[in-house]
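Enquirer: Sharing a structure, written as structure tokens. Questions coming.
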């Protein structure tokens, strides 16, 4: 007779009573919801009481899994693998950009999904965009969006940029309906956003007033770009969110000020080797590109992914505000003090524990987070709290207070703004989530003692193996005495509890057994339903599913609590990222012997003992040089022309000046003894010409476009680098174009931008009239000094190894003067050109300089061959074919071929 539901529930509770509350079973196994619940190993240890009953059902389980081939077990394992991949993915933030161009006014909107911020700006001045929308290309390089949204029929200038943004910039383009970019509807859409600055009860006028404090609502193109972007993200469901609201999560709208940053195009970044990607092939494919030898890799001593991402943003967006730059320099100076040595080490060790929290919060909001994400969040919150405590302890030890002028802003923020309540959030996570069990179960598991119902369910689940064993014995006891059948009791989701028996002759005794109903059968097992199984379905049910459901509810409560602290957590992460970047600069400053630059508003660049930060890593001894550019003072020159021999370091000297100015604008110390830098709004360069099959331009055409860009868009605060311009065409054309470009810059007088020109065209100062006299437009001439090896030996400083062949010793010292000889022939020998070729080149160059006729080069090889042929013909003519000795004739021809030219001439 079937047992009552009350007795079954009581028996299940008795079987679980010996287990502690909240304990985790060590033998029970559950692989997704399709795998049978059982206790492995228990039946092997228990003495077999009945031949017809058994609690270990591994064979039945395996057979049932085969019967459910293609079921949820395989899918669950695939989902686990996908989730682990999501958790381990590292990369840039998901950033979306909206663009709208109309009447020469460009609207730009940028949505950062991790930070939930919408940045809006409008470029109304067409000159700010430059020729061919060069300004937009720089914005695309800086932002690096994953998706760009614009109207369905954009203007041709915008369409050309979107289809060809430049090298190293990749994104998808979406053309949304033009009605999505209507100004009125876009403005109303922005007013409907749930922003932090809005308060409950705000009217439309209040919202308009509050949002106008962040962005200009009258900037029609900017508002249209923002509204069109938000509309597209909402309708296309690109940004996933579990909320019922169709509005994408945006907590803040802010203005994007492009004029606050120094502009530097990707070509200049590559030419100066600020960034340099190296390919790293792998066995599985081409591999991924990684940062090679570059200024970024030199200064990147960050310890957290947040710091590295912010540092890259500092590099692509150097500052223009003197106060902001001095704030970073002050922080670097603070952490380079000897008293801060231990503090820097402690802070950097703690920053290792700060993971990519914004992306983790994004996955938590999307419910795609893994157990590793929750653990990383808890570790990060703990590290953030420890950062605050270390800063507080240091301030107490050295007697610093918040009003002390020595304290930099980032240290004060770490001291005060890292909220202590974040520690409570971390304690909540660790007290509610059982991380060791979660890692084993690959899902969020709740600690014991949080929920009584959950703890009771877990106790039932842990004792389920023994309970099913006893139920199997009871089912066997109800069978007729002559039935010799081995029974098992198991559970399968969707099918419930079942009795399993071997698929053999013994099944006939169960077909007539009272209450046994055939459910389904496989080749090895038969599965039955009995009244007792139906009662188990009603009273016990799927315990594991109930556990998972309850833990998911509790995990969702934790998720909601964390998202309430979303903004506070991001603020703390921003403090940690900024601290990481400043510490990175401080470490580089101490290790590389950098000095603190001085920022001024005058158009000057003074460097004493400047060094190239990368070249000094590749040489045993680096010769520092001084640089002086002053475009504002009377009698001083903001334009410098550097000449000198090949291999003498002209380009290195020019690049180091630009790198020092760049480093000062990102707030880093610089490689020099002392440095004074006037604020620079943009760095232009004609240094490198990258040819490509995709670009229908020659190398000289690319050079011309680079010079044209700087002539059109440079300002008195710009820095221009011109290296070997004019070399890709006839010398006369190259000289004239370079001279005309220099004249054009000098015409601006005090508004002439700071310019460094490197050239081998000596005609610039040997031919009168090409450049204006020094009285009209002062030009600073510099040359890289060299010495003859013999002169160096007489002076006591012998030539370096490798210089004996060329006869030159390169001093790599920039001095005042002009160089009329590039010493190209000596450099050619040093480069491995055959001496005969170099000697011929000397003769031709001498003839060209003296306007003499160039004689045809006499080829000794041709004359020798001609004499041999003549001697061989003479021997052939004297040979008697009828009576002559053939062997002697052939021997004579062999001697002619082997003899020298003088011997052949003498014999003939």
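Cβ coordinates come from backbone N, Cα and C, glycine included.
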Enquirer: Among 812-839, 840-867, indicate the range for which TrEMBL gives the feature coiled coil.
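Expert: Spelled out, TrEMBL records coiled coil over residues 840-867, not the other listed ranges.
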Enquirer: On average, what pLDDT score does this prediction assign to the coiled coil (840-867)?
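Expert: Looking only at the coiled coil (840-867), pLDDT averages out to 76.
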Enquirer: Are there residues at least 6 beyond the ends of the domain 'DNA mismatch repair proteins mutS family' (718-734) whose Cβ is under 8 Å from a Cβ of it, and what are they?
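Expert: The answer is 268, 271, 605, 650-651, 654-655, 658, 661, 680-687, 689, 698-700, 703, 707, 710, 741, 745, 753-761.
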Enquirer: Based on DSSP, tally up the residues of the domain 'DNA mismatch repair proteins mutS family' (718-734) by helix, strand and coil.
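Expert: So the counts come to 4 helix, 5 strand, 8 coil.
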